[in-house]
Amino acid sequence: MYTLARQLLFKLSPETSHELSIDLIGAGGRLGLNRLLTPKPASLPVSVLGLEFPNPVGLAAGLDKNGDAIDGFGQLGFGFIEIGTVTPRPQPGNPRPRLFRLPQANAIINRMGFNNHGVDHLLARVRAAKYRGVLGINIGKNFDTPVERAVDDYLICLDKVYADASYVTVNVSSPNTPGLRSLQFGDSLKQLLEALRQRQEALALRHGRRVPLAIKIAPDMTDEETALVAAALVEAGMDAVIATNTTLGREGVEGLPHGDEAGGLSGAPVREKSTHTVKVLAGELGGRLPIIAAGGITEGAHAAEKIAAGASLVQIYSGFIYKGPALIREAVDAIAALPRRN
């Protein structure tokens with residue numbers, strides 16, 4: 001069924017089909033249809049971050065930026081859902097066209113620029129949803145907020161989403177907001193992490209529960225830079241790391257239509273780079289905080305590959321666009337077949 005739906009959706013522009021897909025998935029959720037149309041994955045419970053996941057395969061941030069289809073995605077069999085990236089104030093993002101399919105490579109290039117309706121809209125959608133599974137909320141800074149003041153935007157969002165999130169992801173790795181990736185390095189990273197940690201502790205006292213913080217990083221760092229990030233996360237007492245966001249590289253899409261568009265590349269071409277980052281992090285962290293792997297999972301075996309590399313959980317986005325909900329079950333089955341899970 002998804003093959004037919006994809007053929008129809010792919011006749012539309014990428015962003016139009018994205019918006020229509022969110023509407024359809026959301027409507028299916030409200031009517032309770034999605035669970036009837038999608039085979040439920042096998043149960044593969046895992047405990048990470050003090051949270052109980054029915055399976056380790058989640059939806060990556062970016063697909064449902066505003067939380068408009070939480071119930072719909074929740075009925076497809078995901079072990080957890082991450083919505084956003086959301087910013088303190090609504091913003092339109094970059095000019096269109098800004099989203100490009102590269103079907104020959106099972107890839108997508110985007111330069112969306114954190115387009116979203118703002119954190120207050122997202123929270124209204126979260127509170128209206130019936131979904132009671134693990135929900136991550138991914139936060140970022142507004143385009144017109146200077147990088148030097150970025151921490152203010154992150155703290156505004158953290159304050160607002162804390163009570164409604166199972167965990168919060170801090171996005172410092174999108175390539176489509178100028179200067180954002182500089183927050184992954186040196187004193188900028190340390191200052192951001194310290195501010196987040198202090199606010200997390202204050203919010204935990206206020207709300208009576210500690211909501212884990214994850215940092216989402218880029219795949220384009222050197223091994224040495226990744227090691228420094230890992231050390232900073234441990235030192236600051238962060239709870240998890242998500243590896244990775246999209247890449248600025250173009251390996252695997254050279255010469256393809258739209259292959260030279262500006263923006264972040266996701267899908268199959270980023271798989272090896274992302275998995276390598278997971279391996280480096282796993283070696284540096286030594287189990288001190290969990291890794292959530294994202295990037296290039298277009299087959300079940302790719303999800304198992306991420307877990308074998310050291311991840312505790314995985315997330316899918318581009319693979320879901322190309323393969324549909326069947327990828328969730330395929331990924332769960334592949335992870336279940338790993339020796340260490342038997």
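Any Cβ shown, glycine's included, is placed from N, Cα and C.
In the three-state DSSP reading, N138 (FMN binding site) counts as strand. Other Cβ atoms within 10 Å of the Cβ of N138 (FMN binding site) number 27 in total over all chains. Residues annotated as FMN binding site in Swiss-Prot: A61, G62, L63, D64, K65, T85, N138, N171, K216, T244, G267, G296, Y317, S318.
There are 22 other CB atoms within 10 A of the CB of K65 (FMN binding site), with all protein chains counted. Residues or ranges marked as substrate binding site in Swiss-Prot: K65, N110, R111, M112, G113, F114, N171, N176, N245, T246.
In the three-state DSSP scheme, S174 (active site, nucleophile) falls into the coil class. If you look up Swiss-Prot, you'll see S174 marked as active site, nucleophile.
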Shell list (substrate; ref centroid = CB of K65, N110, R111, M112, G113, F114, N171, N176, N245, T246; cutoff 8 A):
G62, T85, G93, S174, P175, T177, G263, G264
Give the three-state DSSP assignment (helix, strand or coil) for K216 (FMN binding site).
strand
Whose Cβ, among the binding-site residues G113, G267, has more other Cβ atoms within 10 Å than any of the rest?
G267
Can you tell me how far the Cα of N171 (substrate binding site) sits from the Cα of L63 (FMN binding site), in Å?
15
